[in-house]
Structures are given as structure tokens and as C-alpha cells.
Amino acid sequence: MSPGNTTVVTTTVRNATPSLALDAGTIERFLAHSHRRRYPTRTDVFRPGDPAGTLYYVISGSVSIIAEEDDDRELVLGYFGSGEFVGEMGLFIESDTREVILRTRTQCELAEISYERLQQLFQTSLSPDAPKILYAIGVQLSKRLLDTTRKASRLAFLDVTDRIVRTLHDLAKEPEAMSHPQGTQLRVSRQELARLVGCSREMAGRVLKKLQADGLLHARGKTVVLYGTR
């Protein structure tokens, strides 16, 4: 990602739903047929124009899905973590190339399997697991649709301060959030917060200062303690 890129309206990180109700045996059998790869932080796994033929499963770490405009602006469509599928639309809608960026947010281990190979396995060794895997993917797609609808409503009806407050409360429910004697401790930069709510970095900083003055949180550097959220 070039340093000059700017990021606009985004969805927030959602609660990861580990395995999406898939049992350990199903996951183990799925992973046995997949290729595991490790990626460093902030690595583009694929970009627009790359061949679209692979389903990804996040074993560990966190990734983002990003739409990129011609002027290098970026729209973060979502953050996804351990136990979630990425690139699942290709199982149902045929497309030759990718239209978005898959970028790691942390060090990640991903399981990768081609759509063609997975469809073959659904007819053979993964036949008993196929309904469970497809149902889990359907649940995931439904959650993402609901999340997108909720975020669109926030952008339409809430001001920046309200969006930041709600986003911080969303982040407080994430596995990365840490318990704190006064509430919940988050690690989020002003830039990342701006990307999550669709405002400038400067605006995000001003809102955090206001919320701190109002006694709702304490912010220092990338650390935010959100009071009363344990």
C-alpha cells in the first residue's frame, strides 16, 4: 500500500465467530485438504485483477478486505479473524478475477483451497461435511450483510462522535480487547479509527479528546481505555 493512500468509509471489526459453528472434526478434515501458508503483517494476499479461484480460511491472525479506487483511495469493507472464510463468493458466483484486496492486518496463517478442488471434495471425501461447511459460509454471509446494513445506517443517521463511540464499543467486544480495572483496553490508532468510521485522522483525534474530557475514556497514543465496558 502506498504511503499516499487514503481510506474512507469502512465497516468495523465484528466479533469473530470461531469456526462458525463448525465442529473440530469438520475443520480438521477441511484443513487436511488445504494448503497452509503464513503471511507477514500488511501483506497483500491478492489484489484486483488477480485470478479468482481460491477459498481462504483464517486459521490465525486478522485480515482486511479493501476496495481500491483509481485515485488510490481505499474503502475497507471488513476485518475478519480466526475461524472465518474469505473469498467465499466465488463458490456461488463465477468470476475470473479478484475485484478487491485481501490484506493481512497481523501475522496470519491461512488455509487455501481452490474452488474446483473443494467442489470435487464435496462429492467425495468431504461429502458428509459439505452441508455443515456450506451452512457455516451462509451464516457468515448473512452476518456480513447485517453488519453492512448496520454500518450504512450509522453513516446515514449518526454524526462522527456517535459513530466513534459505537465503533469503540464494537472493538471492545473483539478478542484483541483486554480487560482493564476501569473497563476495556483497546489498541487502535487515530488513523485506524478514522478508517473505521469514515472521517479524517484529525477529526478522530478531536473526538477522542472530547470523549476523554467527557470522562468516557482515556486515550494515549494507540491505547484507549473505554470506561465501564467490562
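Start at 1 and count along the chain as shown; that gives each residue its number.
A Cβ is built for glycine as well, from the same backbone N, Cα and C atoms used for every other residue.
Record features, source Swiss-Prot:
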type	residues	note
DNA_BIND	190-209	DNA-binding region
BINDING	18-139	nucleoside 3',5'-cyclic phosphate binding site
DOMAIN	158-230	domain 'HTH crp-type'
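Fewest Cβ neighbours within 10 Å among the binding-site residues I66, A130: this applies to A130. Within 10 Å of the C-beta of R98 (nucleoside 3',5'-cyclic phosphate binding site) we count 19 further C-beta atoms, all protein chains included. In the three-state DSSP assignment, the secondary structure recorded for I66 (nucleoside 3',5'-cyclic phosphate binding site) is strand. In terms of DSSP secondary structure, the domain 'HTH crp-type' (158-230) contains 33 helix, 17 strand, 23 coil. Local packing around the Cβ, expressed as the count of other Cβ atoms within 10 angstroms, is greatest for S34 among the binding-site residues S34, S82, S114. The DSSP secondary structure for S114 (nucleoside 3',5'-cyclic phosphate binding site) is strand.
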